[in-house]
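Asker: Per TrEMBL, the features are:
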ACT_SITE  B:Asp64  active site
ACT_SITE  B:Glu135  active site
BINDING   B:Glu60, B:Asp132, B:Glu135  Mg(2+) binding site
DOMAIN    B:18-146  domain 'RNase III'
DOMAIN    B:174-242  domain 'DRBM'
There are 2 protein chains.
Amino acid sequence: MSFFSIYKLYISSKRRYVRALKNLLGFIPGNLYLYQMAFRHKSVAVAVKKGAKNSNERLEFLGDAILGAVVAELLFKMYPYKDEGFLTEMRSKIVSRVNLNQLARKLGFDELIQYDSKMVNYPGKSSSLLGDAFEALIGAVYLDKGYLFTRNFLLNRIIKPHVDIHLLEQTETNFKSRLIEWCQSTGSEVLFEVTNNAEGESAKLFTVDAIIAGEVKGTGRDYNKKNAEKLAAEKACEALGII
Amino acid sequence: MSFFSIYKLYISSKRRYVRALKNLLGFIPGNLYLYQMAFRHKSVAVAVKKGAKNSNERLEFLGDAILGAVVAELLFKMYPYKDEGFLTEMRSKIVSRVNLNQLARKLGFDELIQYDSKMVNYPGKSSSLLGDAFEALIGAVYLDKGYLFTRNFLLNRIIKPHVDIHLLEQTETNFKSRLIEWCQSTGSEVLFEVTNNAEGESAKLFTVDAIIAGEVKGTGRDYNKKNAEKLAAEKACEALGII
């Protein structure tokens, strides 16, 4: 261990924080400022230069993109014979807010995150506080250590030990059945209707409307009719706030 | 230049293809198979093992994610005082199908792409053939050369010389006016209608339907009415194939 690491872990004024991060991450962080920012919810952020806030939202934007790339490669290589529709669906399952919140809780983020409990409904059921901080942390690791390090950290420390991809594969996010259930519970009629394509479009392309109580709530288009229905159902679920 | 490079460029049976790629990319490709796949539209793909096709769609999934990460970092560093909403919007402009199609055309992808002209409406106005191949190419470069190489390739060879980010910053992707224009040109009536929220939902949340010729073509929800309209217009544009 280098002198600098020993200093950070045992001598510096931030040694407790550094040790907590090391326990969480498995490595000694370089630029502490980035990690502190990753765990700072906007409810406790203050405005810095030009009115920008020092909250974790910008890091979340970056981390979300890095996580997306790492998971895309993982799935691409893990499932060499599955099509891009399957890969896209699997990725949304892995990076869903529900899954990231659970992961962040498992990893013990609760203890490091900073937020104003008067302003944030946490630990509320729909809170995305932890998942957001998790993505921000990935952004921080990326800026601190680069892509390869972040990729290996995510694969070896987070995904392989904590995410059961084969289990996720089996749990289907079935928007169509969810939509039908919701309509039954609210007593609304649901219909899937194939509409005519615009002039000049291939006859093989299906356009399907999901019609709930007489109103189009979602439209899906695909070369496969079933997929077009699925997409229409997904959009309708979104529009109706069934998530 | 190594003997292997000389062999590839001047001796191998694929030398013409290798030279065309080198002109396009600025480097000598390693695994040619990946690049051939990136330029193969599904209309000419054949089924390989277990029914998976050797088209560019899987590579497109991967390349889209890598491009997203590279552009996210670029914007994060280019605009240190802008919030994540701005960064997200700027990224969608850069990676939009319209922009990627244009880029791919500028770079001369037309000459390398393989597709069945009987099945594909290309060069049709709404065709995403080129943009899709562009993303697939990024996936191929990533698998062939790794992240850092791909990042530098994208930044130095593609984005810096060909994308005017400051210009994109000023051009607003105004889906509402685009939708209205389209409706005028086709003689359809367009309406934006605020609908009632479901029970138990916050009264502050607006749900807006974009209704074209009497049919709901898109629905947007936001705490800001203008934003809900914008989202509804965007979805309607998508559903109607106006890109």
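Yeah, the Cβs are placed from backbone N, Cα and C, and that goes for glycine too.
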Asker: Given the recorded positions B:Glu60, B:Asp132, B:Glu135, which pass a C-beta cutoff of under 8 Å against chain A? Sequence order please.
Answerer: B:Glu60
Asker: Looking only at the domain 'RNase III' (B:18-146), what is the mean pLDDT?
Answerer: 89
Asker: Same-chain residues six or more away whose CB lies under 8 A from the CB of B:Asp64 (active site)?
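Answerer: Spatial neighbours, sequence-distant, of B:Asp64 (active site): B:Val95, B:Glu135, B:Ile138, B:Gly139.
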Asker: Neighbourhood of the Mg(2+) site (B:Glu60, B:Asp132, B:Glu135): other residues with Cβ within 8 Å of the Cβ centroid, in order?
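Answerer: Here the nearby residues are B:Asn56, B:Glu57, B:Leu59, B:Phe61, B:Gly63, B:Asp64, B:Ser128, B:Gly131, B:Ala133, B:Phe134, B:Ala136, B:Gly139.
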Asker: Given a separation of at least six residues and a C-beta threshold under 8 Å, show me what packs close to B:Glu60 (Mg(2+) binding site) in the same chain.
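Answerer: B:Asp132, B:Ala133, B:Glu135, B:Ala136, B:Gly139 - these are the non-local Cβ neighbours of B:Glu60 (Mg(2+) binding site), listed in sequence order.
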Asker: Applying a 10 Å Cβ distance cut-off over all chains shown, what neighbour count does B:Glu135 (active site) have?
Answerer: 27
Asker: Using DSSP, how many residues of the domain 'DRBM' (B:174-242) fall into helix, strand and coil, respectively?
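Answerer: Secondary-structure breakdown of the domain 'DRBM' (B:174-242): 28 helix, 21 strand, 20 coil.
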